[in-house]
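Chemist: The structure under discussion is supplied below as structure tokens; questions concerning it will follow.
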Amino acid sequence: MLLNLLLAFILLMGRVRSDPDPLQDYCVSPPHSPHQHIFLNGNLCKDPTKVTVSDFTTSALSKPGDTRANPFMTNVTLTTTTNLPGLNTMGLTMGRLDFGASGVVPPHVHPRASEVTVCLDGVLLVGFVDTSGRVFTQELHPGETFVFPKGLIHFLYNIDTVSSALAVSGLTSQNPGTQFVSMVSLDSKLQISQDVLKRLYHINDQEGYVASIRTNLGG
């Protein structure tokens with residue numbers, strides 16, 4: 001029985017893939033239509049005869065994001081099938097990363113995608129941690145590029161305390177997913193037990209540290 005389960009697991013893992021390859025040139029995501037019944041990646045496919053060049057272009061990443069809208073002083077603008085319909089089934093996402101002074105994209109993971117980032121303006125400190133605990137960090141200057149392996153914790157930080165910074169990222173999935181380490185463990189909306197958190201982080205909570213951190217994270 002154990003051998004059968006192991007063989008079944010190996011066969012299952014052999015079938016695991018990232019975004020599946022499409023079996024057609026494209027599947028442009030159209031406005032909702034009651035007469036369309038073809039779905040790929042959860043989106044309707046537009047009639048190919050009605051596809052235009054505008055379906056494959058967007059200005060979504062041309063506009064600066066508001067870095068003052070959150071305590072991390074960053075803003076991430078992503079391409080989606082809403083602002084770039086031709087993206088559907090292509091297995092990729094693009095993002096614009098705006099950093100205010102000392103802005104940071106906190107440690108996070110993308111469970112379904114690797115990421116490559118190009119610094120366009122300013123100086124960024126970027127890095128990731130592998131599963132053996134090794135930390136890889138690098139300063140990125142304009143024109144320099146860094147890659148983050150799929151599923152590993154990584155961060156980006158504007159080291160300039162006065163000026164802003166700008167970068168663009170490409171991710172190898174239409175739906176890469178994002179989990180912020182601090183948010184997942186300490187955001188009160190997720191309701192992880194305070195006893196678990198105190199034990200995990202060796203916190204003596206007589207002063208209400210956990211509640212204070214959750215408040216700072218918007219919980």
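The first residue you see is number 1, and the count goes up from there.
Every residue gets a Cβ built from N, Cα and C, even glycine.
TrEMBL labels come from automatic prediction, so no person has curated them.
Pasting the relevant annotations from TrEMBL:
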SIGNAL    1-18  signal peptide
DISULFID  Cys27-Cys45  disulfide bond
DOMAIN    59-209  domain 'Cupin type-1'
BINDING   His108, His110, Glu115, His154  Mn(2+) binding site
BINDING   His110, Glu115  oxalate binding site
Chemist: To the nearest Å, how far is the Cα of Cys27 (disulfide bond) from the Cα of Glu115 (Mn(2+) binding site)?
Modeler: 24
Chemist: Using C-alpha atoms, which one of the binding-site residues His108, Glu115, His154 comes nearest to Cys45 (disulfide bond)?
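Modeler: Result: the closest of the binding-site residues to Cys45 (disulfide bond) is Glu115.
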Chemist: Of Cys27, Cys45, which of the disulfide-bonded residues has the most Cβ neighbours inside 10 Å?
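Modeler: Per the Cβ count within 10 Å, the most buried is Cys27.
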Chemist: Going along the chain, which residues six or more apart from His154 (Mn(2+) binding site) have their CB under 8 A from its CB?
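Modeler: Looking at Cβ-Cβ distances below 8 Å from His154 (Mn(2+) binding site), excluding near sequence neighbours, one finds Pro107, His108, Val109, Glu115, Val126, Gly127, Phe128, Val129, Phe148.
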Chemist: Starting from the Cβ of Glu115 (Mn(2+) binding site), draw a 10 Å sphere and report how many other Cβ atoms land inside it.
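Modeler: Neighbour count, Cβ to Cβ under the 10 Å cut-off: 22.
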Chemist: Might you list, by sequence position, any residue in that chain lying six or more from His110 (Mn(2+) binding site) with a Cβ less than 8 Å away from its Cβ?
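Modeler: Listed in sequence order, they are Phe148, Lys150, Gly151, Leu171, Ser173, Pro176, Gly177, Thr178.
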Chemist: What other residues of the same chain, not counting His108, His110, Glu115, His154, have a CB atom within 8 A of the CB centroid of the Mn(2+) site?
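Modeler: What remains near the Cβ centre is Val109, Ala113, Phe128, Phe148, Leu152, Ile153, Leu171, Pro176, Thr178.
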